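Per TrEMBL, the features are:
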- CYS199-CYS220: disulfide bond (DISULFID)
- CYS298-CYS319: disulfide bond (DISULFID)
- 1-110: domain 'Ig-like' (DOMAIN)
- 153-248: domain 'Link' (DOMAIN)
- 253-345: domain 'Link' (DOMAIN)
Amino acid sequence: MEQTKVISHRGGNATLPCKFHREFSSGTDNSPKTRIKWTKLTTDYLKEIDVFVAMGNHQKSYGSYHGRVFLQEASNRDASLIITDITLDDYGKYKCEIIEGLEDDTGVVTLDLQVMSGDTGLLLVVGLRDSEKGGRDLAGVVGLGDSHVGSGVVFPYFPRMGRYNLNFQEAQQTCQNEDAVIASFDQLYDAWRGGLDWCNAGWLSDGSVQYPITKPREPCGGKDTVPGVRNYGLRDKEKGRYDVFCFTSNYKGRFYYLIHPTKLTYDEAVQACLKDGSQIAKVGQMFAAWKLMGYDRCDGGWLADGSVRYPISRPRRRCSPDEAAVRFVGFPDKKHKLYGVYCFRTYN
């Protein structure tokens, strides 16, 4: 049974290869005796998510995969699965199982929306410094390579209430709220190889808590340590409280700064986007627009989570002078009439 990694992007299609070699007595893939089953593996190894089942001419897809998955059927030994209109939630490991009577073959295929690393190009900088807990450095930098090559971006996130306030389930939901998913270790590792440096531990999809360091220093494991992804190990998913690393990819829509005659409160910002036929943009959409499209705007604007940020791809005085960056202003009082707004319009 073949095992491999397949790389795709949100909205695209992918074929997960699965070719069995055993000579089943049924002889053809249409035999009612042969059962092909695809499941998605989870961090809970006792639980698998049903994706697709075929037995003879009978085929069934499940849940969010309904109507999006099909067998390739290139030959009578081909059980490869085609997934269409890929979503961020689709990435991960899939198991292909061929069953006939008491005999079976299994294999695992990884579907990845991979961050492209590189030595040159844009840098992601979320610039702020925590005044609590000894002034721990919160400035993070990630090398993004060619902005037209990468298929996604990993970004660290913490909510309005501050650092280290999310358990695992809340971390998952938080990323989803920002048009993203909780990042995998492979995605964080690729981002670290590209230059991501973030001195705050965050949840990953496997339930571990880790953080990437490219510039060792005292508050971040010690200045005499080697660069790497620091690993706190698996943590209690209910009681553990950390930040989270999210992953987002390309999108179908338009991200833009709304030209408006006055500055806006948060509620006014939400309504202004709706009046313009859009919705207030999410953090993940800003990161994707900045990284994939080179979006640049030197105006702080409200986002859906109540934060104010602005993306700079061309460093200049008064607008992130040293680095291309997504700048984080903070979580201001929503009644303050000090900022503009970034909107997002979905393309059908």
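The backbone N, Cα and C atoms fix where each Cβ goes, and this holds for glycine too.
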Number of Cβ atoms other than its own within 10 Å, given for CYS298 (disulfide bond): 15
Among CYS220, CYS319, which are disulfide-bonded residues, the residue with the most C-beta atoms within 10 angstroms of its C-beta: CYS220
Helix, strand and coil counts within the domain 'Ig-like' (1-110) (DSSP): 6 helix, 51 strand, 53 coil
Cβ atoms near CYS199 (disulfide bond) (within 10 Å, other residues, all chains): 20
Cα distance (Å, whole number) from CYS220 (disulfide bond) to CYS298 (disulfide bond): 31
Per-residue pLDDT averaged over the domain 'Link' (253-345), given as an integer: 95
Rounded inter-Cα distance in Å - CYS319 (disulfide bond), CYS199 (disulfide bond): 24
